[in-house]
Amino acid sequence: MSSERYHQHFTISWDQLHRDVRQLCHQLIERDFKGIVAITRGGLIPAALIARELNIRLIDTVCIKSYDHMDQGGLDIMKGVDHDGDGWLLVDDLVDTGKTARAVREMLPKAHFVTMYAKPEGRPLVDQYLTEVAQQCWIQFPWDMGIAYVEPLADQLKK
Ligand SMILES: O=P(O)(O)OC[C@H]1O[C@H](OP(=O)(O)OP(=O)(O)O)[C@H](O)[C@@H]1O
Ligand SMILES: O=c1[nH]c(=O)c2nc[nH]c2[nH]1
Ligand SMILES: [Mg+2]
């Protein structure tokens, strides 16, 4: 599937992400997890921040790739885990079509699956998420961006 399906951008700053993670952690703090399984690579960043908030030191990964920038390809699963997820917190940055989530759910059916952001198609596949984002929005994460000069509006309009 190609990038043409994304008509808008939903930009998330480091600050916003950190605040969102902490908000999600308020909903998770009462639960007792054996550890976290992060879905690489996007899940690694929220997983590290969640681990800090919930005081979890045991972190494993499921290594999986589906997108080449905005273009969705086949799922490439490079590493799994040797358990069914019972008592574990499974973390990804977002769920979009749900293709990644479906594959990981099959591997870890008993894990508690959370994402920071969820689009409608993938939303039913996770147990918990913080913010819903429209299906046609591309979520632009801070690790994919940099700080750049922006021309004053007056100069932009002169062109
Ligand atoms: O619901 P889906 O349509 O499957 O999309 C969601 C997945 O896509 C992204 O990962 P990506 O494959 O781009 O790899 P990355 O985490 O290494 O960036 C994102 O981090 C999710 O894991
Ligand atoms: O950075 C990303 N933003 C998205 O909206 C998205 N959907 C799938 N994979 C994604 N990666
Ligand atoms: Mg990912």
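Glycine residues also receive a Cβ, built from the backbone N, Cα and C atoms like all the rest.
Because the structure is a prediction, the values reported are computed rather than measured.
Marked as domain 'Phosphoribosyltransferase' by TrEMBL: 13-148. Summarised as a single figure, the pLDDT of the domain 'Phosphoribosyltransferase' (13-148) averages 97.
What TrEMBL lists as 5-phospho-alpha-D-ribose 1-diphosphate binding site is Arg41, Gly42, Asp92, Asp93, Leu94, Val95, Asp96, Thr97, Gly98, Lys99, Thr100. Arg41 (5-phospho-alpha-D-ribose 1-diphosphate binding site) counts 13 other C-beta atoms within 10 Å of its own C-beta, drawing on all protein chains shown.
When other Cβ atoms within 10 Å of the Cβ of Asp93 (Mg(2+) binding site) are tallied across all protein chains shown, the result is 21. Per TrEMBL, the feature Mg(2+) binding site maps to Asp93.
Residues or ranges marked as GMP binding site by TrEMBL: Asp96, Thr97, Gly98, Lys99, Thr100, Trp138, Ile139. Look at Lys99 (GMP binding site): DSSP puts it in a helix.
The annotation guanine binding site is assigned in TrEMBL to Asp96, Ile139. Secondary structure at Ile139 (GMP binding site), taken from DSSP and collapsed to helix, strand or coil, is strand. Long-range Cβ neighbours of Ile139 (GMP binding site) (same chain, at least 6 residues apart, Cβ-Cβ under 8 Å): His9, Phe10, Ile12, Asp93, Leu94, Tyr117, Val133.
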Listed binding-site residues with Cβ under 6 Å from ligand 2, out of Thr97, Lys99, Trp138:
Trp138
Residues of the domain 'Phosphoribosyltransferase' (13-148) by DSSP state, where helix covers H, G and I:
39 helix, 49 strand, 48 coil
Using Cα coordinates, what distance in whole Å links Asp92 (5-phospho-alpha-D-ribose 1-diphosphate binding site) and Lys99 (GMP binding site)?
13
Taking a cut-off of under 6 Å between Cβ and any atom of ligand 1, tell me which of the binding-site residues Asp92, Asp93, Asp96, Lys99, Trp138, Ile139 pass.
Asp92, Asp93, Asp96, Lys99
For Asp96 (5-phospho-alpha-D-ribose 1-diphosphate binding site), which residues in the same chain are close in space, meaning a Cβ under 8 Å from its Cβ, but six or more apart along the sequence?
Lys119, Glu121, Gly122, Gln135
